[in-house]
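Record features (Swiss-Prot):
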- PRO2: active site, schiff-base intermediate with DNA (ACT_SITE)
- GLU3: active site, proton donor (ACT_SITE)
- LYS58: active site, proton donor (ACT_SITE)
- ARG260: active site, proton donor (ACT_SITE)
- HIS91, ARG109: DNA binding site (BINDING)
- 236-270: zinc finger (ZN_FING)
Amino acid sequence: MPELPEVEITCRGIRPLVAGRTLTALEVRNPRLRQPVPADLAQTLVGERLQGVRRRAKYLLLDFPHGSVLVHLGMSGSLRVVSADEPAGVHDHVDLVFGAEALRLRDPRRFGLVLWHAGDGLSHPLLAALGREPLERGFTGAWLHEATRGVRLSIKQTLMDAHRVVGVGNIYASESLFRARIHPLAPAGAIGPQRLARLVASVRETLLAAIDAGGSTLRDFVGGDGRAGYFQQQYFVYGREGLACRVCATPVRRVVIGQRSTFFCPRCQRR
């Protein structure tokens with residue numbers, strides 16, 4: 001699933017290409033995504049100017065004068081700018097057309113979202129209750145220590161709880177915990193403030209490194225310019241079960257936490 005880095009890369013990639021332009025057409029080839037694409041979306045938006053593109057958690061917000069289109073890439077989606085006359089593939093479900101170019105949603109598993117919200121998109125129910133952005137100033141060790149006080153849930157699950165912290169999905173949670181030398185099964189409330197401060201720094205470091213590398217392309221992800229990411233080549237633990245730890249050569253282990261595969265080094269990340 002595209003996580004925060006992939007969505008941020010998409011946002012940065014498409015923003016300069018479409019922001020400020022007028023929507024000339026909107027084509028929905030298959031409205032059956034996780035929720036149906038609104039049937040009147042074209043009627044609402046064609047002729048309107050796209051004022052800006054921003055990210056909140058794993059959502060993209062396409063801001064128009066009277067509201068926002070919310071886009072979620074689901075498990076396998078990508079959003080990129082193509083020539084408007086480029087033939088659509090079987091998994092290309094939605095085009096927002098700006099003259100000679102189109103912003104095209106490709107979603108093989110159709111688990112993404114394209115929704116309309118009148119007014120500020122941040123007030124949409126899917127976004128209003130989300131937690132802190134890990135790349136913003138409010139995400140600190142002191143805040144995380146307070147937010148996890150008394151929490152018995154594992155630190156891995158806590159990092160992936162979008163009501164606390166957004167965008168740190170399965171891949172980057174495993175990678176961040178390795179960099180911080182924290183065992184993924186450690187109860188969040190039992191981790192001291194110094195180690196949590198180190199974890200906050202590791203989360204930021206991991207996410208920024210992934211953004212610099214164009215994100216992770218394990219299957220379908222490409223950025224707004226159509227390029228694949230290569231951060232997967234830098235993974236310390238994710239997907240490396242049985243392979244030697246890049247730091248100490250101990251075999252990397254896999255454990256299922258909250259129904260998600262989690263990877264760690266038993267030597268570098270002692271309980």
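The backbone N, Cα and C atoms fix where each Cβ goes, and this holds for glycine too.
Model, not experiment: these values are computed from the prediction.
Overlay of Swiss-Prot annotations on the structure.
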residue: PRO2; record: active site, schiff-base intermediate with DNA; CB count, 10 Å: 27
residue: GLU3; record: active site, proton donor; CB count, 10 Å: 24
residue: LYS58; record: active site, proton donor; CB count, 10 Å: 21
residue: HIS91; record: DNA binding site; CB count, 10 Å: 17
residue: ARG109; record: DNA binding site; CB count, 10 Å: 15
residue: ARG260; record: active site, proton donor; CB count, 10 Å: 14
Can you tell me how far the Cα of ARG260 (active site, proton donor) sits from the Cα of PRO2 (active site, schiff-base intermediate with DNA), in Å?
15
If I take the alpha carbons of LYS58 (active site, proton donor) and HIS91 (DNA binding site), what is the distance between them in whole Å?
20
Under DSSP, is ARG260 (active site, proton donor) part of a helix or a strand, or is it coil?
strand
